[in-house]
Amino acid sequence: GDAERGKKLFESRAGQCHSSQKGVNSTGPALYGVYGRTSGTVPGYAYSNANKNAAIVWEDESLNKFLENPKKYVPGTKMAFAGIKAKKDRLDIIAYMKTLKD
């Protein structure tokens with residue numbers, strides 16, 4: 001994926017609810033360090049039981065499926081987002097998310 005394009009997509013599609021900064025939770029949990037992290041584990045964020053209990057490790061395949069249709073991939077998630085239909089857009093966002101780390 002194209003991380004630069006993914007950053008713009010992240011800001012327009014996810015930025016209203018998610019921060020890309022470390023430790024900054026908003027409507028949704030901070031997505032800094034999300035790649036390789038287990039679902040439902042950001043300190044200080046009140047997750048749905050569905051996300052806490054899913055124990056998904058966020059990697060290419062899981063992020064791709066979740067971003068395509070969050071409520072299908074994690075039934076009961078409180079993420080009120082229809083999903084991103086274009087695979088290239090999802091892959092570019094994932095490429096950007098991989099850069100959000102120490």
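Every residue gets a Cβ built from N, Cα and C, even glycine.
Among the candidates Lys52, Lys78, Lys85, the residue that Swiss-Prot annotates as N6,N6,N6-trimethyllysine is Lys85. Taking the Cβ of Lys85 (N6,N6,N6-trimethyllysine) as centre and 10 Å as the limit, one finds 10 other Cβ atoms among all the protein chains shown. Taking a C-beta cut-off of under 8 angstroms and a sequence separation of 6 or more, Gly1 (N-acetylglycine) has the following same-chain neighbours: Lys88, Leu91, Asp92, Ile93, Ile94, Ala95, Tyr96.
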